[in-house]
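Comments concern the structure below.
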């Protein structure tokens, strides 16, 4: 069965900005790094006050979303209990995904 992008994601070559549920974003490198708790706290304060200013980068491969950057922003959203996060989504291939996992 073919996986399709969610409504609002245009099948273009450039990245698109959209809100994704946190639980749809896989974080394959999460175990390899620790976030700075002070930076997460500062981001939580900022996001609560003015919202997220810079979307996180997400790679979409075959309908699955992978986040490799924006770790502090992602954790701040988690700790705030926010269900979604604004993402800059670009489409990639399985080869692109393998490259990110190296």
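Using N, Cα and C of the backbone, Cβ positions are placed for all residues, glycine too.
Predicted automatically and left uncurated, TrEMBL annotations should be read as such.
As given in TrEMBL:
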type	residues	note
DOMAIN	18-97	domain 'ParB-like N-terminal'
BINDING	70, 71, 72, 73	ATP binding site
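What TrEMBL annotates, mapped onto the structure for a quick look.
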residue	record	Cβ contacts under 8 Å, 6 or more apart
70	ATP binding site	54, 55, 56, 57, 85
71	ATP binding site	27, 30, 33, 35
72	ATP binding site	35, 36, 39, 40, 43
73	ATP binding site	43, 47, 52, 54, 56, 85
Additional residues around ATP, ordered along the sequence, whose Cβ is within 8 Å of the centroid of 70, 71, 72, 73: 35, 43, 56, 69, 74, 75, 76
